[in-house]
Amino acid sequence: MLPWTFLSIEQLPSIMEQSPASLIAFPFDESFAVQCEATGNPEPEFKWTKNGQDFDPYQDLRLLTEEDSGTFVIPNNGNLTEFQGIYRCYASNKLGTAMSEEIEFIVPNVPKFPKEKIEPLKVEEGQPVILECSPPKGIPPLQIYWMTIGLRHIEQDERVSVGLNGNLYFSNAVRADSRHDYCCFAAFPRIRTIVQKTAMSVIVTNSTSTRAAYFRSGNANSILERKPSLMSPPGDRTYTHHVKGEELLLECIAEGFPTPKVEWSRVGHGLSDRAVVENHGKILSIEEVQQEDEGKYMCKARNAHGEAVHYFYVTVEEPPKWEVEPKSQLKMIGADVVIRCVVSGKPAPTVAWMVNGHPINEVPAGSRKVYDDRIVIHNARPKDSAVYQCEASNRHGTILANANIMIMNLPPLILTEDGLRYMAVERSWVGMHCNVFSSPPSTVTWSRVDSVGTVEGPHFSMHTNGTLEIHGAVSEDEGEYSCFAQNTEGKSAITATLEVKAPTRIVDLPQDLRVLVGTTAQFSCRAEVDPSFIQDYELIWEKDGIALNESETAGYFVDNEMLQVINVSFRHQGVFTCVARSPVDQDTAVAWLTVLDVPEAPEDVMLAERKERTVKLKWIPGDDHNSTTTEFIIEYEESQWEPGRWKELLRVPGNHHSAVLKLHGHVDYSFRVSAVNEVGKGHASKASERHRTPPAAPDKNPENIKIEGHLPHEMDINWEPLPPIEHNGPGLEYRVSYRLQGTDEDWHEHMVKRHSFVVKNTPTFVPYEVRIQARNHIGWAPEPRTVVGYSGEDFPSAAPDDVAVEVMNSTLVKVSWSHVHKDKLQGHLGGYRVNWWRVRSLLDTRKTHGDKHTLTFPGDRIHAHIPGLRPFSEYSLSVTAFNGRGNGPGSHPVSFKTPEGVPDQAAGFRATDIQKHAVTLTWSPPLEASGVLTGYVLQYQLINSTEEVGPLLSVNITSADASKWLLLDLEPMSRYRFYLRCCTRAGCGPAASEESTTGPEAREWILRTHSPPRTSTISFVANTTLSSICTNMSPSKIGVMILHSEYFHLLRLVIEKSDPGTEYTIWLMTKDWLDNSRIYEATWTRAKIKGREVSTYDREGLASIHGSVSNQGWFIGLMCAVALLTLVMLVACFVNRNKGGKYSVKEKEDLHPDVESQGMNDDTFCEYSDNDEKPLRGSQHTLTGDMKGGDSGDSMVDYGDEDAHFNEDGSFIGEYAGRKERSSMEIKGTNQSTA
């Protein structure tokens, strides 16, 4: 806001706004404002002139005016022509007068062609024709169109063209030019008007010269040829003047026959890169012509008979332009004033000086002097204050400048507001203003309030207008500053405050995206700002300069730093700008969203160059939607065979917009085109007009001819029929021709309509020559090619001879044979089949015919390898040939034997009777010995840990009948791995392996029970497991193993280092401590009796930790009944066993495979643990009776009743060979130690 003291200062008037130099009164506008606005102090008064005469719009009631404004409005009420003219506005106050440029108010007339009757124009064929348009004058631009009465454009080419003057030129007339409705249309787009000239007729006739040429040449279409001449422009040269910046258009239209071609050149120079040849070479165009385009241009029209030349001398001119424009000045009294006015232009402008709107020569000069380009006022006084005008003009325009010259003395008046607060961004430029109005000019200085002296430093600059500029502002520049202004008339001062802020920066820029239409695009943008602007900071998203944050346009979702464009369409494509804005600065980042889609359908699909069997298809590509079209797919539809179904015909590259199509005859075609880009295939274009080809003979014969013989005396001929569209005409049929190959006999021919034929009574498998030729009602297809095939095959009649077998190794043999003669094959040889079967093993004298095996070897070969045979066996084989019909007879069987091989693994290899220093290993012979067994190789090594792997020791067992081996001298409590290989004379086979751990020196106490008690908490085969065996003394180590089978359960305890006379109490308990009852309790005592150690025990069955039930009467009675029932059952079982014979130990072992060693390998011999939750390892395995009496120091010799005993290998036999159901458990006898 300006200080009031400044507003009270007198000022010369200044024109602030005026109408353009030309103001056109378009008939569709309601009114027309002639503008003139000015400022000054005192307020200026306005005056107008019209065509150089005074004009007062305020006195004309038809005009609309406003108070304190020079503008008046002319209503469009039908009498506009009265106001047509050139206006000028003057704004005056007591100090002087300013004036506007001239304003021309133009009221255009409606252009019309004159009504006239135009006689038909008769012209001889080959002669030139000019149809004049002579358009009426009107507001430019003017556009000329030549059309028919039906509004069809007259096609232009090298022969026919419309000149710049609007005339229609024919370089040479042809009979087709004859018509009666040539119309010239003149369009004036600014006034929205098109006018039409009276239609003209042209009649082209044959001339005498044409007829003479006809008789000479014998050609009725001959036209007299001649060299070119120019129809426009006339003469041999033209001088043109063009305004700089406008379009240069040079035109040459020539006549002659043949039609001349026009060439352009610039004499002495090459054509400018901006020069463009248009209108079939007849126009040379240079857009925005420049001074350097001046010169001499030549057009040359040429044909085979000569040439015509025209020269253009081009001059480029320019309207007036300011080089130094007069400026307004405030000068002190007594100063010298210089007012400069320098202009340029071509032709050179004339310059006129005026003072307050009057010619300068009409105003008293005083101390003023006028020179060519300036006015000088010496020792200026206040009376010299005025508005000086400089006006320059040439034929291309006029320019005017007002310069206000004020002569006065005035103390400094600072126009900048006091106490302003400036904010700058670090390392940026900031200017603190101190605009001073004074006369004479004041001296302006800046200083900091908190320092003495003016501001100094490399990044401080003072401007003449009083502004202090700080370059690269830093935080140290913050503070309060003062501006001082002083001249001879006085002084003045203001203050200003500077704050320096951190710059706003976008740290995460949005990225350009290419997305498919219909998907979602997401931009993200993050910025950092000065902490003081956190509340004032904003992030704005813009699309093409329009903020989206405030837009409710569908499809945009703005969430501060994120912008989502939902359901992207092509209207969303463009530049998206992220604007991070603070009160002092902003940062922007842009990203381009490119929307992809399949191409649009091509347009204007049309047929051209139609011939009998070809047509050229043209189209205009549609929008490729930002993905380059890679190819076009041309499809066709025909109306006879599959109407409505479109099929692909051709593909052409994406840069081709036409294609020549090869067509079939007798087809009614329609075509369409679709474009393909990286997104996919676009929609197809509209179908073209239909095109029907005439009938023709077939272009080709059937293909894929197959000659087969399914029966010995027949030959089947099949071929792929011609598709219907390839018939080329009606009545398609095939001629089948055949004859024996290599003979001169005539062809046997048959006409068929189907695509197969059977020849009967042929010899077996002989070659025939076959031809298939197509024919329709128009004619025959080209000569067919000859195909050779064979008649039907029969089974081969002979077997291969000389079949021999070469044994390669124990599992592979090589078979060879001789060819079957081709006369015996009776067909195409398919190959040979080898059949073999195993007769017997050489270990067995019995012959058993094994399964037959077959291998097929295609092709003509005479040997093969038969793999996968069993060693040490006798085999037989035969060989047969086969063809397409089947197998021939087999050869005589050939026998052969395979040598010995290495045997398989030994069966049932396991470790038993594990002792402290010895292990017994047992096995069975291999299932496949592959020869005569010669012995075994037993290997073993210590494997306690990876760091303690012992050497691999070997034992050769030379007995082939051996089935067990006792290994001695082993380390106690050590883990071993054992390997056993079976051997024949061919070598040793793969090893069977077993691992086991030797035990400590120990005593065994064995507890056997009948089937488990009925309590559900101790079923060995159910989910409950035994949890612990407890003793009332702890110095001994106890190893526990629970073994069970479906007949009995075995509890084996091994107690090391037990002292004679020590009593142990043993409880057998369940794992489920919620039912914390003992199911068995026994007391065991070890003592020496006569040099022998004897172990005795007392038992207490089914006792409870809460109190024994064995003393209860009911319990004693129950146990007696159970014992009696058990005794009866045992007697019955014993009697039954004696009737059935001895129970085989071997069968018992097979029935209950030994797992004792497995249980021991599972570390069942371990230290006693009181962890009730730890199950006993090995309790899930079945029991075997393979326990030797001599292997344990505490083995039982009497167990159960008297009939129960151990046999010589320690297997337990007796009552447990009886029934499975037992309802009680007994433990009897004395555990007697053997010496």
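A Cβ is built for glycine as well, from the same backbone N, Cα and C atoms used for every other residue.
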> Which stretch does TrEMBL mark as region 'Disordered', out of 680-703, 1136-1159?
Replying inline: 680-703
>> As a test: from 320-406, 411-499, 601-696, 701-794, 799-901, pick the stretch that has the greatest number of Cβ pairs under 8 Å with the domain 'Ig-like' (13-104).
In response: 320-406
> Counting by DSSP, what is the helix, strand and coil composition of the domain 'Ig-like' (13-104)?
Replying inline: 7 helix, 49 strand, 36 coil
> Counting Cβ pairs under 8 Å that sit 6 or more residues apart, are there three or more between the domain 'Ig-like' (503-591) and the domain 'Ig-like' (108-201)?
Replying inline: no
>> Over the span of the domain 'Fibronectin type-III' (701-794), how high is the average pLDDT in this prediction?
In response: 92
